[in-house]
């Protein structure tokens, strides 16, 4: 891509709640994957010490279960913020209901996957393809939570896991639920690898501060793109006010 001077403007894209959700979610997934591996295939550790010194596996399970609660309620908060957050966090960006969004999905595929175009798509928040994929991961988060708490219900006295106990028979029993739970863990691992790669890729190609934006919230956007976004946002606001009136 030819280098060119651009007039850039700082645009506040990712609000603090979105950034907190992102990093809490990332930390939870790392902890859940590590402890999940150990729970699925615990190493045989021989020890001559007293039994209560060897309760490490109980600690691993405890960490897994506590982190699962944090993961779930962090996810519930993100669902809520999709209704009250700024335009980049709202659900209408994640569900492609407009023809223009599907057109953008195809454009991003040409740039990121097929690499037959090198001009990045002009988007300030998530591009349409990323939004669609994130929407799919939200469903994966929900299914992972359902299978996890459903399996946990048989060994827990807490009322909350019992709310999910009915889901296990619907999946065909414990074995199928465990397989789904395990498959989704690998999905999250692969997703994280691709996600990190694409973040750095877009940061290099677009030079808009993609990586730092999830820490500070700000992106550096070309002025013409930012102006166009402001016009669109103003038009949408006027339309909403007119509908309410």
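Quick reminder: no glycine exception, Cβ is built from N, Cα and C everywhere.
Automatic prediction, not curation, is the source of TrEMBL annotations.
According to TrEMBL, the feature domain 'Cytochrome b561 bacterial/Ni-hydrogenase' maps to 13-217.
Summarising the annotation, TrEMBL assigns transmembrane segment to 20-40 (among others). Sequence-remote contacts of a segment are chain residues at least 6 beyond its ends whose Cβ falls under 8 Å from one of its Cβ atoms, and for the transmembrane segment (20-40) they are 14, 57, 60-61, 63-64, 67-68, 70-71, 74-75, 77-78, 81, 182, 185, 188-189, 192, 214.
Note on the transmembrane segment (52-77): residues 17, 21, 24-25, 28-29, 31-32, 35-36, 38-39, 42, 45, 138, 141-142, 145, 148-149, 152, 160 of its chain, located 6 or more positions outside it, place their CB under 8 angstroms from a CB of the stretch. For 52-77 (among others), the entry in TrEMBL reads transmembrane segment.
With a threshold of 8 Å between CB atoms, the same-chain residues lying at least 6 positions outside the transmembrane segment (132-153) that come near it are 65, 68, 71-72, 75, 78-79, 94-96, 105, 126, 160-168, 171, 174, 177-178, 180-181, 184-185, 187-188, 191. Taken from TrEMBL, the feature transmembrane segment covers 132-153 (among others).
The transmembrane segment feature in TrEMBL is assigned to 183-201 (among others).
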